[in-house]
Amino acid sequence: MGCRACLRPEASGAVQGRWLGAALSGLCLLSALALLEWLGAPTETAWRAAQGNVDAPNVGSSTAQVPRLLTMSVTRRRRYTLTPARLRWDHFNLTYRVLSFPRNLLSPEETRRGLAAAFRMWSDVSPFSFREVAPERPSDLKIGFYPVNHTDCLVSAVHHCFDGPTGELAHAFFPPHGGIHFDDSEYWVLGPTRYSWKKGVWLTNLVHVAAHEIGHALGLMHSQQDQALMHLNATLRGWKALSQDELWGLHRLYGCLDRIFVCASWARKGFCDVRQRLMKRLCPRSCDFCYEFPFPTVATTTSPTRTKTRLVREGRNMTFHCGQKILHKKGKVYWYKDQEPLEFSYPGYLALGEAQLSIIANAVNEGTYTCVVRRHQRVLSTYSWRVRVRN
């Protein structure tokens, strides 16, 4: 595939070609749906589908009506999430090639310029560097603009097809696959995302969407921090820069280490304050940029009173039940693995329900699982299980 294997040694036997192949990373043009809602168009079904990021119907033009105020509520503060297998690259000097270009608006030269700007957003604040190579050369990342039916999307269970204009904009694959696909039905531009009344179409910011998908290609899932570029609704919010949330995600995935030997000297000279952008990329450890995030998914949890240890054979299906006897008190269940929040199900790894969690025992799923039942800020119950796989 033109890229090196990057799985942890203990996970290499458990993770096959389909392990999370297609990143659960499609980015939808929620701003289009938001505007149509603002104009009073009947988009409730499309809005719900887009939030779930599956089977969103195509959204066409609508008859303008008297604008209504569109309000959005944020119920809780969130943060980054990583893949359950911690999929990552084993090197920082990544290459990419562009296999096809958009047919609407942007020329190949403009497309290359936009992609380079998106890659710079990551290289400016991380140890990664990105270099374009010729299409016939092997590369780590492979970028293309494709129609609805592209590559193996019709036969693959983990790679879905595009849905036409104003739906899913792009999707990416986790390491070490390196694929980044853009919907060629969209109208890509280098400016801000906006609706063109002259053309009657949405013009979508290529740099913004590409930067989001690059984050997935580096191993980050959708962030739950509202101000993060990796947020599912990043297009709607219009964030144009990486947040501290993405940096913490990279630190957690790749380690937080100084990249050059003069970091300690630079830190003593005050560079951590006056050259913060440079020091975040080169010297995060010396400048104490590795500290833990200040925005927990929920309020700080209390330590479980008891952790049950289970030694199970590989391949066994295990189910944990949490707080079934107290759910009638209208408590909400939060699941964690090794103190990381679990927000989604992952086919072949774990199935997340309201009050239960099922996993397939393997090297990837080893760890400590915790559930916390809360009602508002009050902890109603806490349970914890430590899973070890028997060879």
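Just so it is clear, glycine is given a Cβ too, placed from its N, Cα and C backbone atoms.
Within 10 Å of the Cβ of Glu213 (active site) there are 26 other Cβ atoms, across all protein chains. Secondary structure from DSSP puts Glu213 (active site) in a helix. The annotation active site is assigned in Swiss-Prot to Glu213 on the grounds of sequence analysis.
Counting every protein chain shown, the number of other Cβ atoms lying within 10 Å of the Cβ of His222 (Zn(2+) binding site) is 24. Marked as Zn(2+) binding site by Swiss-Prot: His212, His216, His222.
The annotation disulfide bond is assigned in Swiss-Prot to Cys256-Cys290 (among others). Take the CB of Cys290 (disulfide bond) and look out to 10 A: across all protein chains shown you find 15 other CB atoms.
Annotation comment: Swiss-Prot describes Cys263-Cys283 (among others) as disulfide bond. On its own chain, Cys263 (disulfide bond) has Met279, Leu282, Cys283, Arg285, Ser286, Cys287 as residues at least 6 apart in sequence with a Cβ closer than 8 Å to its own Cβ.
Summarising the annotation, Swiss-Prot assigns disulfide bond to Cys272-Cys287 (among others). In the three-state DSSP classification, Cys287 (disulfide bond) falls within coil. Neighbour density for Cys287 (disulfide bond): within 10 A of its CB lie 19 other CB atoms from the protein chains shown.
Its own atom aside, the Cβ of Cys322 (disulfide bond) has 25 Cβ atoms within 10 angstroms in the protein chains shown. According to Swiss-Prot, the disulfide bond annotation covers Cys322-Cys371 (among others), on the basis of similarity to another entry.
Taken from Swiss-Prot, the feature domain 'ShKT' applies to 256-290, supported by sequence analysis. Residues belonging to the domain 'ShKT' (256-290) score a mean pLDDT of 85 in the model.
The domain 'Ig-like C2-type' annotation in Swiss-Prot covers 298-383.
Mapped onto three states, the DSSP output places Asn93 (N-linked glycosylation site) in strand. The N-linked glycosylation site feature in Swiss-Prot is assigned to Asn93 (among others).
Asn149 (N-linked glycosylation site) falls within neither a helix nor a strand when secondary structure is assigned with DSSP, and so counts as coil. For Asn149 (among others), the entry in Swiss-Prot reads N-linked glycosylation site.
Residues or ranges marked as N-linked glycosylation site in Swiss-Prot: Asn233 (among others). The Cβ neighbour count for Asn233 (N-linked glycosylation site), using a 10 Å radius over every protein chain in view, is 18. DSSP assigns Asn233 (N-linked glycosylation site) to coil in the three-state reduction, outside any helix or strand.
What Swiss-Prot lists as N-linked glycosylation site is Asn317 (among others). In the three-state DSSP scheme, Asn317 (N-linked glycosylation site) falls into the strand class.
For 1-18, the entry in Swiss-Prot reads topological domain 'Cytoplasmic', with the evidence type sequence analysis.
Taken from Swiss-Prot, the feature topological domain 'Lumenal' covers 40-391.
Annotated transmembrane segment per Swiss-Prot: 19-39, in sequence order.
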**Report entry** Protein Cβ atoms within 10 Å of His212 (Zn(2+) binding site), excluding its own
**Finding:** 27
Query raised in the report: What three-state class does DSSP give Cys371 (disulfide bond)?
Result: strand
Query raised in the report: Of the recorded positions His212, Glu213, His222, which sits closest to Cys371 (disulfide bond) by Cα distance?
Result: His222
Query - DSSP state at Cys322 (disulfide bond), helix/strand/coil - result: coil
